Structures are given as C-alpha cells and as structure tokens.
Amino acid sequence: MILCIDVGNSHIYGGVFDGDEIKLRFRHTSKVSTSDELGIFLKSVLRENNCSPETIRKIAICSVVPQVDYSLRSACVKYFSIDPFLLQAGVKTGLNIKYRNPVEVGADRIANAIAATHSFPNQNIIVIDFGTATTFCAISHKKAYLGGAILPGLRLSADALSKNTAKLPSVEIIKTESVVGRSTIESIQSGVYYGVLGACKELIQRIHHEAFNGDKILILATGGFASLFDKQGLYDHLVPDLVLQGIRLAAMMNTA
C-alpha cells in the first residue's frame, strides 16, 4: 500500500491507497513538528484505523511548506524505514508545463493536474482548489499545463479582516443565506463567501476564453472549502481526493 501525504499551509492531509482505491484519510494541523512527532502521529493514525504500518510499501509526499519537508522525510525513514518520494521539480509528471519557470508551480497544483488529466483524459480542464489559497489551473486536452491564477482563500480573507482591523471579529466560514448581512459577522461572512464566488465566476470566464478560446471545458473542484459551492453551478465535479490521487500517480510514474 502507498501512504500519500499532502503538506499544505494549514494542514497535513494524508491517505492510504491499496491500488487505486483510497482506504484511509486523515488530517493533521501542519504547524512545524519534529520528525518524532510526525512519525508517531503517522503510525498512530494508521493503527487507530486498523491499518498496520508494516503494510506501507511506499510513501509519497507533496509539500508547499519547505520547513516541514526535512522533518517529514526523516520521520518516514526513521519510523517506516522508507525513503519517501517527493513530488518536486525534475520528476516525471506527464505534463508539458508552460510556466516561464516551471519550478515555481506548486507541487499541489501539479498533483491536481496529474490526477485531473488521468481521470478525465483528452479534455480541457480547469481545476479550482479551495484551500488556504484558492488556486486555478488550466490544463489542455494535450496535457499542457497552461498556467492559472491564485487568490486568497476564504479563511485567509476573513482572517485578514480580523487581524488588520480594530473592530472586525474572526468569523466562521459558511455559505450565508442572504447576501445582505444584518450584523457585522453576517456581513463579513457574506462578503467573503460571495466575494470569492464572484471572483471564481469571473476567472472561469476569462480563463475559458484566454486559455481555451471558448472551446468546451470541464471544471473540477477540490480542497477543504469546495463543498460550500456545491449548489452554485460553479463546477462539473467535486473531487475531494484529487491531490492525493495525483501524488499516488506521480509516485507510480517515478517508480524505477
């Protein structure tokens, strides 16, 4: 079985795959941890879910937090006796990356693109990842990673208001029933939610025409906040495990 780990800015997400089927999912707050803390956590979460650590044959990591990489890699070696695969510049992806400097593309965005083109071949695709940042990736039917857009995520937007103003509070991120808030909290929640929704609609329209000349596209959504937009007609498919699927596929592509 393969243990796939996605190190994000807010959390570490993980999954255990048996073939192409995901058997286990977990999450851990991604504040910088020691290798021992990470190793103990990984072994514990496996055992708690009736998955023996000894059944893990490969570990694959995708990270956008460099300060966690060394500790996590050390944990894999010390606690699993496995040198993990790291999705990074120079590995096989099956994509033709059109960034001016391909090294700049986040590993999570590459993982999403790998999984998207594998699950939906020969299609023009926009992937929206609703995480700490909300990211857009445009991938052509020929597997060309054309580029995309990045904007603050919902939580980041709300936190920016509470941290940089004297009187605005921290709020829960929800889909509000009314656009017109009748309290400060409701107004922030409305502004954050519908502001991101509006930005997404505009970006989809512009990417559709600029990257794909108006040709048919498929829109995929993933990330922790994606389900909040499930009834807005924003995307065609919600794929919660997209990045983990991409990590697994990348690891298989790079297996000697």
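Each residue, glycine too, has its Cβ placed from N, Cα and C.
Because the structure is a prediction, the values reported are computed rather than measured.
Of the residues THR93, THR117, THR132, Swiss-Prot puts just one in the ATP site with ASP6, VAL7, GLY8, ASN9, SER10, HIS11, ILE12, TYR13: THR132. The DSSP secondary structure for ILE12 (ATP binding site) is strand. Within 10 Å of the C-beta of ASP6 (ATP binding site) there are 27 other C-beta atoms, taking all protein chains into account.
ASP129 (K(+) binding site) and SER10 (ATP binding site) are 14 Å apart (CA-CA, integer value).
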